[in-house]
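Report on the structure given below.
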Amino acid sequence: MDVLGFICAVFLGTVVLHAKPTVRKDRVLYQDPELLRQATNEDNNSFQYDHEVFLGKEESKTFDQLSPEESKDRLSKIVDRIDGDGNSYITTDELKAWIKRVQKRYVYENVVKVWADYDLNKDNKISWEEYKQATYGYYLSNPEEFDETTDQFSFKKMLPRDERRFKRADLDGDSAANREEFTSFLHPEEFEHMKDIVVLETLEDIDKNSDGHVDEDEYIADMFAHEDRGPEPEWVKTEREQFSDFRDLNKDGKMDLDEIRHWIMPQDYDHAQAEARHLVYESDKDKDQMLTKEEILDNWNMFVGSQATNYGEDLTRNHDEL
């Protein structure tokens, strides 16, 4: 039984299940916005890039529902919130602080949305047993219905992996997660004590021969399925060069855990700072290194499509919610 069949069985009433294993496909946690922007602009597709990177594919639909007038009006109110000192100028630091606040709010609001799906006994904690039942209960009761050879992310493999992550998040060791611990379980990339787990899971996802390393072919296979056996696209050739020049730091032909960490969590890189600088650079008409509300509204399309508007959600919230 594949994952689709499993989901169908759930909705037919066999079991009520709202949860899913903690699978992540996006590897690099702190992408350089400028490098992504350059790659997209080469395809003359920068508007789509703004929507998908800053809004997300699904969240971009929210932006489409707003008229330019509505967007500008609501963005104007957001600018007032960003202007922490009330001097009518938005600095890079203020934008950076806002972007980080928005990201943090997104993480915690996501936990609020799913909390009831896991806290089965309503004691305001989620035990490992509760999480396991909510996520893997059907599989554990009906293992014969699952084809472990074809499921991309087999439940048999994901269960012990989730348990390992849960134990790392459970700082007080009581086998139950409070809200902060459960947040670190669902969003380990946001917590320093969980980042080793993120690196290890990345290795396990890509290391198909289980030798404890990621070689060049495994690195490429994670992003490109060479099904037609034809020539590789240019971007794949570029990624091979990236692997050789920047991923494989010790030049032994493969990546170890430290090199994987350097790849997905580059040191001394602040994504919020980079994004804030980009927004200022693109909107600062008088080049005084600060933005006025007028400058922001004149370039409102960029801010709608940026993390400064919480992937579009802030533009559909009431001002009092912000």
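Cβ atoms here come from the backbone N, Cα and C positions, even for glycine.
As recorded in Swiss-Prot:
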DOMAIN    70-105  domain 'EF-hand 1'
BINDING   Asp83, Asp85, Asn87, Tyr89, Glu94  Ca(2+) 1 binding site
DOMAIN    106-141  domain 'EF-hand 2'
DOMAIN    157-192  domain 'EF-hand 3'
BINDING   Asp170, Asp172, Asp174, Glu181  Ca(2+) 3 binding site
DOMAIN    194-229  domain 'EF-hand 4'
BINDING   Asp207, Asn209, Asp211, His213, Glu218  Ca(2+) 4 binding site
DOMAIN    235-270  domain 'EF-hand 5'
DOMAIN    271-306  domain 'EF-hand 6'
BINDING   Asp284, Asp286, Asp288, Met290, Glu295  Ca(2+) 6 binding site
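Secondary structure by DSSP for the domain 'EF-hand 2' (106-141): 27 helix, 2 strand, 7 coil. The separation of Met290 (Ca(2+) 6 binding site) from Glu94 (Ca(2+) 1 binding site), Cα to Cα, is 10 Å. Counting only same-chain residues 6+ beyond the ends of the domain 'EF-hand 5' (235-270), those with a CB under 8 A from a CB of the stretch are 27-30, 32, 96, 189, 195, 198-200, 202-203, 212-216, 219-220, 223-224. Among the binding-site residues listed here, namely Asp170, Glu181, Asp211, Asp284, Met290, Met290 has its C-alpha nearest to that of Asn87 (Ca(2+) 1 binding site).
Sequence-remote contacts of a segment are chain residues at least 6 beyond its ends whose Cβ falls under 8 Å from one of its Cβ atoms, and for the domain 'EF-hand 4' (194-229) they are 24, 27, 29, 161, 164-165, 168-169, 184-185, 188, 236, 239-240, 243-244, 247-248, 253-257, 260-261, 264-265. Taking the centre of the Cβ atoms of Asp170, Asp172, Asp174, Glu181 as the Ca(2+) 3 site, the nearby residues of that chain (Cβ within 8 Å, site residues left out) are Ala169, Leu171, Gly173, Ser175, Ala176, Ala177, Asn178. In sequence order, Ile206, Lys208, Ser210, Gly212, Val214, Asp215, Lys254 are the same-chain residues whose CB sits within 8 A of the CB centroid of Asp207, Asn209, Asp211, His213, Glu218, the residues recorded for Ca(2+) 4 being left out. When the neighbouring Cβ atoms lying within 10 Å are counted for each of the binding-site residues (Asp85, Glu218), the highest count belongs to Glu218. Here Asp207 (Ca(2+) 4 binding site) is compared against the binding-site residues Asp174, Asp284, Asp288, and the shortest C-alpha distance is to Asp174. The DSSP breakdown of the domain 'EF-hand 5' (235-270) into helical (H, G, I), extended (E, B) and coil residues amounts to 21 helix, 2 strand, 13 coil. Report note: the Ca(2+) 1 site is defined by Asp83, Asp85, Asn87, Tyr89, Glu94, and the residues of the same chain whose CB lies within 8 Å of the CB centroid of those residues, excluding them, are Ile82, Gly84, Gly86, Ser88, Ile90, Thr91, Met290. Taking the Cβ of Tyr89 (Ca(2+) 1 binding site) as reference, residues of its chain lying under 8 Å away and at least six apart in sequence are, in sequence order, Asp83, Met290, Leu291, Thr292.
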